[in-house]
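J.: This is the structure, below, for whatever I ask next.
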Amino acid sequence: WKKLYFAHHWPVTVCKMNANDCHDPPEYWTIHGLWPDRAEDCNRTWHFNVTEIKDLMSDMRHYWPDVLHSSLNRTQFWKHEWDKHGTCAATLEILNSQKKYFGKALELYQHVDLNGCLLKAGIKPSSSYYKMTAIKEALTSFYGVTPKIQCLPPEEGEKAQTIGQIEFCFTKELQLINCTTPTGESNPMKAHLKLGTGELSVCSDTLPTYYPSEVQ
């Protein structure tokens, strides 16, 4: 693999996609995962062991919660992320243990500070719509790179898409780079997020964009 996608998701949208066990989703962007761009389930014998990240637990619960299942003792989401993506990322020395992989993602989360950046740009959850181009411009001017932004397409009767996920791309040296895929190259991460009925896809630049403050 060549680069890492560091994905943040918006808990309110995640809940909108899958109204099963969501109670009071956090009103800040949380971590979805840290994903090498071309690998899945690299080492099935390297099992997730929650005791290896016990020092990180309070941060994990806060910044990387299982939004859909709010019980604090659930570690299923992290196990899935480790099995599918962490075992692949571990070819890098800086990510070659569970503690390093999850710890580094938490560090990147603080470093990127997506919540702070959007607030500084005056983009906050609201019942009115945003222009996707305005959100993109704010992020690009702040970070100097183009992230990948995914939305829930409008449901029947809706005219707006709903922002759901923002991914930042990093080199193997953990430097921010543009996420855009050169034309003609397929992007294997595209079909990543299927939850419940909805599915996220790359946001349209022309549709009004909803950044919801509560689950409707």
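Even glycines carry a Cβ here, placed using N, Cα and C.
Predicted automatically and left uncurated, TrEMBL annotations should be read as such.
Below are the features listed in TrEMBL for this protein:
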| type | residues | note |
| --- | --- | --- |
| ACT_SITE | HIS32 | active site |
| ACT_SITE | GLU81 | active site |
| ACT_SITE | HIS85 | active site |
J.: Around the Cβ of HIS85 (active site), how many other Cβ atoms lie within 10 Å? Please give the count over every shown protein chain.
T.: 25
J.: In angstrom units, rounded to an integer, how far apart are the Cα atoms of GLU81 (active site) and HIS32 (active site)?
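T.: Rounded to a whole number, the Cα-Cα distance is 8 Å.
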J.: Tell me the Cα distance separating HIS85 (active site) from HIS32 (active site), rounded to the nearest angstrom.
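T.: Cα of HIS32 (active site) to Cα of HIS85 (active site) measures 11 Å after rounding.
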J.: Validating a neighbour-count step here. Other CB atoms within 10 A of the CB of HIS32 (active site): how many?
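T.: HIS32 (active site) is surrounded by 24 other Cβ atoms within 10 Å.
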